[in-house]
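Worksheet: the structure to be examined is printed underneath.
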Amino acid sequence: MYLNEEGVGQGIKNSGIPREEIFVTTKLACTFHSRAEECLDQSLSKMGLDYVDLYLMHWPLSLNPNGNHFFFPKKPDGTYDTEEGWDFTKTWRSLEGLLNTGKVKAIGVSNFSTVNLEKLLKTAEIIPAVNQCELHPYLSQEKLLKYCNEKGIHLTSYSPFGSTNTPLLREPVITEIANKNGMTEAQVILAWCIQRGTSVIPKSVTPSRITSNFQVSELPEDDFLTLNKLGETHKVRYISLSSSITIFHDDE
């Protein structure tokens, strides 16, 4: 769905690194909720792989597979065109079945609130390995993090720097902490995410920044606590969907 699977597959092939040493994650598109294995097979074909290590349900929202857009069809009023008679609990059962095919090693979800996780767990036979969500100092997701820890669901942070124009890298509090500790703003945010027990997936296409992102040291306790409080005065969610279905509930 990010139109990069062929490139990822080629990169793996060109790297010469054994497949078992690379962790590959891909996602189930919203328009394929009732055709999960078909979507997975397309992804595997594009990447030239036999399996993925983690397969995520991208959103808790099943969209019309015959709508006006391949991934995110909309109605005339601008809301997303949902697939009638289907919900994410059925999708999860399909993902559970994929574990028996050898095509996936683990399954998880993305953009799930505590409310939707609770609904899913009522009928699930397998607990999601991962919940991948927007998480950064402006959106600390304390309630969701606590819930996932209690249920044994690992939380992964996407968009740790905010939206595509990386607003958190210009946050004065973060810049002050970065200067104090000889770190970049990006390193400060990544360290904060890691110290909270989450994994984090920053996006970059610049080799020097990718290298820098791996050079993360631990934040002093006072700076860590300062970042914990940042969202109390400046709370922002950058990634959302306009839909007749509530996605995030009251987790903030």
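Glycine residues also receive a Cβ, built from the backbone N, Cα and C atoms like all the rest.
Note that TrEMBL annotation is computational and uncurated.
According to TrEMBL, the protein carries these features:
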- Tyr2: active site, proton donor (ACT_SITE)
- His58: substrate binding site (BINDING)
- 2-230: domain 'NADP-dependent oxidoreductase' (DOMAIN)
- Lys27: site 'Lowers pKa of active site Tyr' (SITE)
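Of all Cβ atoms in the shown protein chains, 10 besides its own fall within 10 Å of the Cβ of the residue listed as 'active site, proton donor'. The residue listed as 'active site, proton donor' sits 9 Å from Lys27 (site 'Lowers pKa of active site Tyr'), taking the CA atoms of both as reference points.
Counting every protein chain shown, the Cβ of Lys27 (site 'Lowers pKa of active site Tyr') has 22 other Cβ atoms within 10 Å. Rounded to the nearest whole angstrom, the C-alpha distance between Lys27 (site 'Lowers pKa of active site Tyr') and His58 (substrate binding site) is 6. Within 10 Å of the C-beta atom of His58 (substrate binding site) sit 19 other C-beta atoms, taking all shown protein chains into account.
In the three-state DSSP assignment, the secondary structure recorded for Tyr2 (active site, proton donor) is coil.
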